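Please read through the structure below; I'll follow up with questions.
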């Protein structure tokens, strides 16, 4: 069975609920959907608990749109906590109001309230994702956002025979909100997850998880598109499908030149579009994912199962891929270096050759003083913190976007430093003394509209705690122009930049003790309008940059603002309805909804909800028509059983991973997020640029206040240039551990992939599972000041896999047809872990990352950092049998500190850095300290990859370039959640430009109050 081809079989070896929501749009209206944030019971790891979900689904509902579409999502918060939703990777042109970061572009949606997000797609195409952006709610409140090419256009590769969202997530046995609350109160590290998941299932390697393991059925010879999302809270992930090659064709909603590999590496917040061909002998093969190690990481392996259709003797156990070692830095580096932007007529490259603003930003783990009367468990009795340029970000009492828009003072300052406050040997091990303690503040950066920006993220080893940081920039994609280990050299390293075809992404992993460079243009504004106020100063608040490791959310942020220019009020452009497709995940088995979906050429769409597997043939689609373009996501708890234990987790619609969003490039979608949980929450659309519309970006207290329990917020997801796999996730504390899902951005209608169409597409979401409530893990490590507890399992599409106790039965399984090629869309939704992933005896051909196409790279594994997505082709070219798709953690070896970078103040590790609102070119990277004279000479300014999330290497640096052409307030942060919790984040404010289309859009009427 399949979504469109009867020959394409999706097999879930336990109860499967497939919810396929197709919306047929008229030419004059914008679709509105309702999401309800509510708790639902989910059983994982042998226990049941309530988790926060959208519509009771974990992972949450999948959004399916076309490039350029607009969708309104009315989010009703029926949970206990405030919440926001971020459309990760959606640029939201001129519309920061729907970007979603809590207290950045909005206040949270309070419990019992609602907010309508407007998702405006522009040039995004491929896989993105959405997630809560309040505390740790994204642990279960997340799902895919799939953007198809515009109607009438095609992929840059051969149309796959099917598509499968793969959402990597984290599972905590405890309440995720209690976990982060406990960690915050004590000032220590939050507990690690109890499991990693693929599409909400840990896989059969975990206890009590075998029946629910996510399974895929491949037809031999067919090619499938895997839309992979890393919604894991804190881990960069390796992911493989045993014996199969993965072809990466897109990352973060943009095409990349195809990269064939046996594995991918995906950082938290990243999405990847991956083709996989069923070219192996009929058998059962594991898809496996595990972390690329960090200071505290979940070292378990989550699995799903790829099963070939046909008659053959099934093996006693699927074939397991040989994943890279957890500390295989060479594998991470090799994979990352092969990503290249794929330029086509519909996807031109625009790497800034000259830059107007340069930033060198150190990423560090630090400490802050323990409050009087408190007991903290961080170093020397202090509380753990995280910083950018030694400033740990503080959330204001009012979201920055509204404060900026209304001209209110006292909520932030515009003096974020462009260079480190202290210059030292960033990669020295250990780094102690004056560099350990950080200052706290709400410091932002103001950018002129349409200015070009280069950011070099420099990893450090402060406190001997260097690790990878997945950095995400809201509202933009950016070009990943370079990276390396060691200290960045401003003299030498730019010479190594790739300025020709750098990948365009929205999340990058900053390597442990290394650096990563990005470039973008600040061209994402807000439209003028004054709400009846004279000379209202309609300023865009955009580009929230932060680490996408959830454990570090407390300070690793930075805000970019665009300068205010006063213009008369002008009317919003008339939205145009386009076709969208929405898939969901089942609250027990994980993926539910076009797991193997044939990208449609038809314009009629349909809706089918039920408890059975659904096959949609093209001839029957027109009979299942549902009109309207707002979908509702209910963030609510649901019981899930993993690792022999059942607990409640936060979900979207009761699904873990959350629903997959499908869209075509340039489409728009509105997701109404209703918080029915107990915590505040926001949803971020990771990698969605949200041109001119930061309001729906989602980071808590950056572009919005969280959606409070009982509240709702309709977020508009606006796709632009993104094409490929992105993801969505909660952006509040650690809620993204279970609140996340894949976003699949398909080529514009009428266009196709830049590679041969796969037989089917499979989203592969790598995540983590904690036996404990993730919010408890979060609260505990925040309270003690130490590191959070590592997760109890990794998951592939919500399942740990059969290597974990009680997990064999539910292991995610994928049945493939021999000879077929499948596109695997990998998402690293792990909280803190970089992962190796591979499929036994199969190669993976990487064709994209972070919803941008790359030059094809074929390997037997991939490396994926938290927040990253990778699109890889898998050909079923092995003999019939069962093959493991396996993922495990990558962790940089401590002996590497003399040649790696990131600061090393605490411990040197890679940092996956994500920039909201932009994709950027990664023009260079290296180890040791960045040399501003030497390193730029090595920049790749010809074909650097375009990304939205990059890894800054341990004791190294990464340089990016982008054009500040998206006015608003955009969040940049490390995508390791514990780092973001500690403050490794900042904000860019991009000023409005001249002209209507260079100004930020008006804020939505139902912005959550603070």
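Sequential numbering from 1, following the chain as shown.
For all residues, glycine too, the Cβ spot is worked out from N, Cα and C.
Those TrEMBL annotations? Automatic predictions, nothing curated.
Per TrEMBL, the features are:
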type   : residues : note
DOMAIN : 37-150   : domain 'Plastocyanin-like'
DOMAIN : 163-310  : domain 'Plastocyanin-like'
DOMAIN : 434-525  : domain 'Plastocyanin-like'
DOMAIN : 635-749  : domain 'Plastocyanin-like'
DOMAIN : 761-892  : domain 'Plastocyanin-like'
DOMAIN : 894-993  : domain 'Plastocyanin-like'
SIGNAL : 1-26     : signal peptide
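Relative to the rest of the structure, where do these features sit?
Residue counts for the domain 'Plastocyanin-like' (37-150) under DSSP, helix first, then strand, then coil, are 0 helix, 89 strand, 25 coil.
Under DSSP, residues within the domain 'Plastocyanin-like' (635-749) fall into helix, strand and coil as 0 helix, 92 strand, 23 coil.
Across the domain 'Plastocyanin-like' (761-892), DSSP assigns 11 helix, 92 strand, 29 coil.
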Can you count helix, strand and coil residues in the domain 'Plastocyanin-like' (434-525) using DSSP?
6 helix, 61 strand, 25 coil
With DSSP as the reference, give the number of residues of the domain 'Plastocyanin-like' (163-310) in helix, strand and coil.
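Output for the domain 'Plastocyanin-like' (163-310) reads 11 helix, 99 strand, 38 coil.
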Looking only at the domain 'Plastocyanin-like' (761-892), what is the mean pLDDT?
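Result for the domain 'Plastocyanin-like' (761-892): average pLDDT 89.
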